[in-house]
Amino acid sequence: MAIILPTVLASIKAGVGIIGAGKIAILPFLLAALAYFHYDQFDPENRPVDRKVVDKEYDFVVVGGGSAGSVIANRLTEIPSWKVLLLEAGGHETEISDVPVLSLYLHKSKLDWGYKTEPQTEACKAMIENRSSWTRGKVLGGSSVLNTMLYIRGNRRDFDHWVHQGNPGWSYEEILPYFLKSEDQRNPYLARNKYHSTGGYQTVQDSPYSTPLGVAFLQAGQEMGYDIRDVNGEKQTGFAFFQFTMRRGTRCSTSKAFLRPIRLRKNLHISLWSHVTKVLIDPESRRAYGVEFIKNGKKQIVLARKEVILSAGAINSPQLLMLSGVGPAEHLQEKGIRVIHDSPGVGQNLQDHIAVGGLTFLIDPPISLLVNRLVNLNTALRYAIKEDGPLTSSIGLEAVGFIPTKYTNQSDDWPDIEFMITSTSTPADGGTQVKHAHGLTDEFYNEYFSEINYKDTFAVFPMLLRPKSRGEIKLRSKNPLDYPLLQPNYLTDLHDVWVMREGAKAAVAFAQTESMKRFGTRFYSKPLPNCKHLPLFTDEYWDCAVRQYTLSIYHYSCTAKMGPAEDPYAVVDPELRVYGVAGLRVIDASIMPTITNGNLNAPTIMVGEKGADLVKYYWLQPSTRRRRDLRAVYNVRLGATCPNITSI
Ligand SMILES: Cc1cc2nc3c(=O)[nH]c(=O)nc-3n(C[C@H](O)[C@H](O)[C@H](O)COP(=O)(O)OP(=O)(O)OC[C@H]3O[C@@H](n4cnc5c(N)ncnc54)[C@H](O)[C@@H]3O)c2cc1C
């Protein structure tokens with residue numbers, strides 16, 4: 001008991017500190033219960049150690065310990081002679097970020113960078129200043145600590161399409177082994193099929209908890225003519241229960257999966273609360289040789305013998321490239337940054353997934369996930385002791401449906417809408433956390449939702465899978481601590497509006513199936529405040545509706561896309577090396593040339609796995625071959641001169 005008490009108190013302090021006291025009444029109790037029942041496996045001894053002082057030089061410096069960066073740090077340190085430093089701007093995850101049902105409380109908390117986009121002209125009209133809240137993990141494990149843990153790999157055509165865009169080595173057949181390499185599939189039926197594997201670092205499991213609505217969601221999908229299938233398997237079109245990056249009912253972030261098990265490797269140093277401000281690039285040789293970072297208010301420099309690897313995510317990797325002189329020349333000059341390499345594609349090609357928010361369906365029986373009904377002392381204890389119950393529910397996300405609208409080829413198995421179906425809804429918490437996390441205005445929320453506060457409901461979020469609108473990320477200034485300018489240009493391509501409109505109609509049809517009607521389901525059909533002038537259920541009404549509660553699903557990507565040397569907008573080559581600068585790679589969600597057909601965490605982990613292998617392959621071959629290989633890349637790059645590579 002003498003050992004447990006300080007742990008309990010420390011745990012309560014940390015958890016309350018992260019999301020603020022008073023937000024959830026049972027929080028201190030939950031934390032105490034967790035600390036008490038889990039004290040034998042309690043954190044401090046399991047967490048990676050923060051290096052107070054880093055060495056002068058490493059073989060590799062990895063920037064960002066998120067979904068991709070954690071994987072890279074793990075795989076590179078498998079080579080005992082390589083010394084790796086992982087620099088992460090945030091700190092450790094907490095017991096609160098572990099609890100699946102509480103993930104929305106992490107938005108705008110200390111674990112979130114707290115980005116906001118520029119005001120949108122065609123979307124986000126129900127949001128404060130028409131801005132989308134771009135939640136992003138600032139913590140070891142990155143956005144895998146804040147996400148809703150849905151494990152979706154994408155569609156085989158996504159990767160084959162990457163190859164068609166000039167990226168050999170990234171076809172579905174070639175990347176499938178990397179999905180399998182990291183996976184530890186806990187569903188024994190799925191584990192048996194050739195699309196899954198066990199024994200990898202990343203645990204993937206079914207939710208331990210579901211409401212009676214879960215099964216009905218699948219039956220409704222069947223009634224609509226879809227098969228129930230493993231959507232991460234041979235085909236994607238169809239319905240399934242979601243699978244999650246959880247372990248024993250709690251979050252299994254990439255930090256937990258990939259870093260904790262190897263925290264005692266001597267050749268891995270991790271420095272937390274270390275904000276990287278610049279990649280150091282020799283302007284003559286155009287070779288990256290280290291990075292500059294700020295820790296404890298002090299600017300420091302660390303050198304990289306072999307490579308600097310940017311895994312800071314799709315917002316910060318392009319930001320760092322631009323701050324370091326790699327980006328669109330005119331833009332950099334305008335900001336007073338010396339241009340080292342004119343790379344017009346840096347920060348361009350921004351893609352994200354958005355969904356139609358607010359499609360709410362009222363039901364009669366009291367079976368939905370109502371937080372104030374289900375989160376109580378009993379369920380907190382159930383979570384702490386048995387690792388199941390409603391607290392293990394990822395905010396009610398139970399089932400997924402991949403469906404094609406009339407705007408895509410029906411027989412292609414490349415659906416353009418993903419239904420994220422949840423046994424709760426925006427007003428189910430009475431306008432507290434969801435409204436805040438999504439940045440909805442009080443006026444919109446009060447007029448539209450307040451009359452159904454705390455009612456039993458479910459919701460369908462139809463997500464647009466292959467957006468045509470493209471955005472960009474630019475620097476606001478050359479100050480590395482200034483947040484970059486985020487311009488997603490949501491719904492500026494009409495195609496996106498039409499597909500989302502069809503997605504919304506399909507959601508209404510889904511709720512009209514016999515399987516859903518038996519719960520007394522009715523669509524909450526109150527006209528949206530800004531669309532009242534249009535007749536309900538017409539195309540015009542839906543086109544207006546999708547522009548109101550336009551919800552980002554936080555899949556920002558493609559801002560340092562890989563591509564062939566002939567493509568002037570390609571930032572990295574298919575081996576993820578930055579064009580125009582030696583010794584520098586980007587390995588994270590930014591390198592995707594086009595966004596994948598599903599949620600982004602699993603494919604980003606795959607990019608980390610494959611990226612690490614590319615680094616190994618490169619450095620473990622004889623140096624003469626290495627130079628020849630690199631020269632070949634630059635010889636075909638139009639207008640790019642080969643940097644000095646004799647030092648490689
Ligand atoms: C709220 C939310 C919900 C989501 N839900 C899902 C889901 O259910 N399923 C799914 O598949 N995907 C989901 N995603 C998306 C998915 O988690 C991300 O696409 C994925 O984690 C991105 O990985 P990354 O490695 O590119 O970036 P990140 O994981 O964001 O990692 C980047 C890391 O770099 C660090 N960093 C940034 N700048 C610097 C700097 N200058 N110096 C040092 N460190 C720096 C950051 O702090 C961060 O730790 C969600 C994302 C969010 C935010």
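Placement of Cβ uses the backbone N, Cα and C atoms for every residue, glycine included.
A quick note: this is a predicted structure, and the numbers were derived from the prediction, not measured.
Features of the protein shown, as given by TrEMBL:
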type	residues	note
TRANSMEM	12-39	transmembrane segment
DOMAIN	137-160	domain 'Glucose-methanol-choline oxidoreductase N-terminal'
BINDING	V139, V276	FAD binding site
DOMAIN	313-327	domain 'Glucose-methanol-choline oxidoreductase N-terminal'
Fewest other C-beta atoms within 10 angstroms, as judged across V139, V276, which are the binding-site residues: V276
DSSP residue counts for the domain 'Glucose-methanol-choline oxidoreductase N-terminal' (137-160), split into helix, strand and coil: 9 helix, 3 strand, 12 coil
DSSP-derived structure type at V276 (FAD binding site), helix or strand or else coil: strand
